[in-house]
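> Sharing a structure, written as structure tokens. Questions coming.
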Amino acid sequence: MRIQFSKMHGLGNDFVVIDAIHQPVDLSPDQVRLLAHRRFGVGCDQVLLVERPSDPAAADFRYRIFNADGNEVEQCGNGARCFAVFVRERGLTAKDHIPVETAAGIIHLQVQPDGQVTVDMGPPRLKPWQIPFEAESAMTSYPLEVEGETYEIGAVSMGNPHAVLRVDNVQTAPVARLGPLIEAHPRFPRHVNVGFMQVVSPGEIRLRVYERGVGETLACGTGACAAVVSGRIQGLLDETVAVDLPGGRLVINWAGQEEAPVMMTGPATQVFTGSIDI
């Protein structure tokens with residue numbers, strides 16, 4: 001079948017975005033992997049589908065996310081910003097405020113006058129069973145043994161699971177070595193995204209993220225949210241934090257209460273449109 005798509009990115013975290021409302025789309029894991037392949041397909045970190053919501057009274061669209069390995073996942077913050085720009089540029093909505101259904105629940109997208117997008121990611125989930133993470137009780141950080149060494153990590157779900165490891169220098173952090181080991185750690189039964197966070201000041205961090213099913217990406221929106229939440233509950237960060245990722249900067253705001261939503265603001269860019277037979 002021939003599929004129309006847009007290639008987009010949020011700070012270099014790139015996506016193939018597909019309108020599945022006005023064209024029939026039913027992707028197998030093999031087809032997702034082909035679309036995501038950077039030599040034989042279009043090339044991307046994730047494939048995003050725009051679908052009709054299951055409950056039109058609660059949301060305007062359904063947002064589905066597939067990693068480059070073909071697996072469907074619950075949430076992607078950078079993708080959410082691209083989703084908002086896509087549905088506006090394609091004329092699917094004229095709204096500035098867009099409620100969207102995801103596998104992790106309803107999120108709210110707000111297109112700002114300058115074109116940036118603020119995403120209400122909802123409240124973080126901090127209890128181990130919500131992440132999911134094997135631990136007896138909720139803590140601000142947890143010891144995690146990896147190949148005989150013990151690391152102190154934060155564990156947060158932003159609709160998808162995240163481990164956050166504080167490092168002295170993000171540039172020299174062992175992302176390629178530790179990332180896949182923590183991602184597949186048995187205490188994370190559904191695997192986990194791994195953030196390496198350097199605290200510059202209470203209002204600024206530097207972050208690299210090893211995404212499950214993808215590897216290291218230039219930016220990760222939910223990873224930025226999780227890092228700020230983890231740093232804030234440990235008393236390291238302010239309510240509003242600039243997060244510098246390899247692909248650029250996001251601004252994250254979280255009041256600090258467990259029930260308070262995490263707000264993420266950043267850009268989204270369309271690179272090109274096209275079609276592909278798969």
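Glycine is treated like the rest: Cβ placed from N, Cα and C.
The shown structure was predicted, so the numbers you read here are calculated from the model rather than taken from an experiment.
Straight out of Swiss-Prot:
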- Cys76: active site, proton donor (ACT_SITE)
- Cys220: active site, proton acceptor (ACT_SITE)
- Asn13, Gln46, Asn67, Gly77, Asn78, Asn160, Asn193, Glu211, Arg212, Gly221, Thr222: substrate binding site (BINDING)
- Phe272: site 'Important for dimerization' (SITE)
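I'm curious about the neighbourhood of these features; can you describe it?
Mapped onto three states, the DSSP output places Cys76 (active site, proton donor) in coil. There are 29 other Cβ atoms within 10 Å of the Cβ belonging to Cys76 (active site, proton donor).
Around Cys220 (active site, proton acceptor), the same-chain residues six or more apart in sequence whose CB sits under 8 Å from its CB are Asn13, Gly77, Asn78, Asn193, Gly195, Leu207, Val209, Glu211, Leu245, listed in sequence order.
Cβ-based neighbour count (10 Å, all protein chains) for Asn67 (substrate binding site) stands at 22.
Reduced to three states, the DSSP call for Phe272 (site 'Important for dimerization') is strand. Note on Phe272 (site 'Important for dimerization'): other Cβ atoms within 10 Å of its Cβ, all shown chains, come to 9.
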> Pop the Cα-Cα gap between Phe272 (site 'Important for dimerization') and Asn67 (substrate binding site) into the table, whole Å please.
20
> What is the separation, in Å, between the Cα atoms of Phe272 (site 'Important for dimerization') and Thr222 (substrate binding site)?
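Between the Cα atoms of Phe272 (site 'Important for dimerization') and Thr222 (substrate binding site), the distance comes to 25 Å.
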> For the recorded substrate site formed by Asn13, Gln46, Asn67, Gly77, Asn78, Asn160, Asn193, Glu211, Arg212, Gly221, Thr222, name the remaining residues of the chain with Cβ within 8 Å of the site's Cβ center, in chain order.
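The answer, listed by sequence position, is Asp45, Ile65, Val73, Gln75, Cys76, Gly79, Val209, Val214, Thr217, Cys220, Gly223.
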